[in-house]
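Engineer: Got a structure for you, written out below as structure tokens; questions coming shortly.
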Amino acid sequence: MARIPAPVANVRGAVRQALKSGEPGPALGGPVLPGPVLVACSGGADSLALAAATAFVAARLKVRAGLVTVDHQLQEGSAERASAVADWARSAGLDPVEVATVEVGGRGGGPEAAAREARYEALSAAASRLGAVSVLLGHTRDDQAETVLLAMARGSGPRGVAGMPRRRGIFLRPLLDVSRADTHKACAALGLVAWEDPHNADPAYARSRVRASALPALTATLGPGVVANLARTASLVAADVAFLDDLARAALLASRSAVGLRVSDLSDLNPAIRGRVLHAWALSLGAPGSALSHRHVAALDALVTGWHGQGHTVLPGGIGVARQNGHLVRIGL
Ligand SMILES: Nc1ncnc2c1ncn2[C@@H]1O[C@H](COP(=O)(O)OP(=O)(O)OP(=O)(O)O)[C@@H](O)[C@H]1O
């Protein structure tokens, strides 16, 4: 039997681990299969290698696996690309296979964010319609390293440096330990022609510049382990962040009162926990997470630790918070 090329084996190994460990849902591999695993595939090398490996592994594990490709209708020929991906997926034995066509226009936050939001909505909708147990995404170790570097450069703090989670809700990223070079080599070895997203090489995007210049420069300066080490940093930080978040959840419950949060409880907390409690509380009041910054949390913190009788502070979403009678309370503006 011909030897399987190492990159193909690596991608399959990562997918096998994800499918076998039960990560995609408790009933996988059991007698009753509640629904398929879906691969979210753009036709790019990462998600194409993921889809090919999933088709291969799922057939052997007797797990149902399908594919969804999203047509953002933003580029010339996007519908043809989507239907070519779908045709290939059917020929590879994936089932069900769907093209989800989305309208990206009319959303805020820039074209990239709008496309991402539309894509995740479409993938979530397809997953519920098809009763899927998981949606597999093709992010690689290199994507994780880029995410960490960007987060550090932007001062995003531990939550950003923790990178992309392996699982969030129905979404699962089995390739976070696999290099991008391997997904490209796996496609080449399998004779799969991957689509090149022109955005990936567009220097208008910070991520493209990190990919094209910053990471290669760091690798040249510090050595070839930089990408893997940045990705490892993400998982180490993610474990700490999860622990601190657990502590903060408990502290939030303990400091809640009928009117708001008790200042005496908040001031006893370690600053790392207090910041998280205030952040979580602000979210619970309805402040939009995308707009809630360190500055807002610092202003809440000042009501606790830098109290000099100052007035209220305003959170994103027009939410007023003041200190009254030993409590942080929401006020009408
Ligand atoms: N058009 C698409 N159709 C289906 N899945 C897609 C599409 N584009 C991207 N994906 C999925 O998302 C993964 C990441 O893609 P990409 O890096 O282009 O997006 P991103 O904007 O960085 O994603 P994220 O929002 O998760 O950070 C792909 O490997 C694939 O699984």
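Residue positions begin at 1 at the first shown residue.
Cβ coordinates are placed from backbone N, Cα and C, and glycine is handled just like the others.
Note that TrEMBL annotation is computational and uncurated.
Here's the feature list from TrEMBL:
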| type | residues | note |
| --- | --- | --- |
| BINDING | Ser42, Gly43, Gly44, Ala45, Asp46, Ser47 | ATP binding site |
| DOMAIN | 37-212 | domain 'tRNA(Ile)-lysidine/2-thiocytidine synthase N-terminal' |
| DOMAIN | 261-328 | domain 'tRNA(Ile)-lysidine synthase substrate-binding' |
Engineer: Taking the binding-site residues Ser42, Ala45, Asp46, Ser47, which residues show a Cβ-atom distance to ligand 1 below 6 Å?
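Structural biologist: Once distances to ligand 1 are taken from each Cβ, Ser42, Asp46, Ser47 fall under 6 Å.
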Engineer: Find the average pLDDT over the domain 'tRNA(Ile)-lysidine synthase substrate-binding' (261-328) in the predicted model and report it.
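Structural biologist: Value for the domain 'tRNA(Ile)-lysidine synthase substrate-binding' (261-328), mean pLDDT as a whole number: 96.
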Engineer: So of Gly43, Gly44, which of the binding-site residues has the fewest other Cβ atoms within 10 Å around its own Cβ?
Structural biologist: Gly44
Engineer: Please work out the number of neighbouring Cβ atoms within 10 Å of the Cβ of Ser42 (ATP binding site), leaving out its own Cβ.
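Structural biologist: 21, counting other Cβ atoms within 10 Å of Ser42 (ATP binding site).
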Engineer: Long-range neighbours only, meaning 6 or more apart in sequence with Cβ under 8 Å: which ones does Asp46 (ATP binding site) have?
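Structural biologist: Listed in sequence order, they are Gly138, His139, Thr140, Asp143, Leu175, Arg180, Thr183.
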Engineer: Can you check which residues sit near Ala45 (ATP binding site), meaning Cβ under 8 Å from its Cβ, same chain, 6 or more apart in sequence, and list them in order?
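Structural biologist: When sequence neighbours closer than 6 are ignored, Ala45 (ATP binding site) has Arg180, Thr183, His184, Cys187, Ala194 within Cβ distance under 8 Å.
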Engineer: So if I draw a 10 Å sphere around the Cβ of Ser47 (ATP binding site), how many other Cβ atoms end up inside it?
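Structural biologist: For Ser47 (ATP binding site), the count of other Cβ atoms within 10 Å is 26.
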Engineer: Going by DSSP, give the three-state secondary structure for Gly44 (ATP binding site).
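Structural biologist: For Gly44 (ATP binding site) - judged by DSSP and reduced to three states - the answer is coil.
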Engineer: How many of the residues that make up the domain 'tRNA(Ile)-lysidine synthase substrate-binding' (261-328) does DSSP mark as helix, as strand and as coil?
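Structural biologist: Counting residues by DSSP class gives 32 helix, 13 strand, 23 coil.
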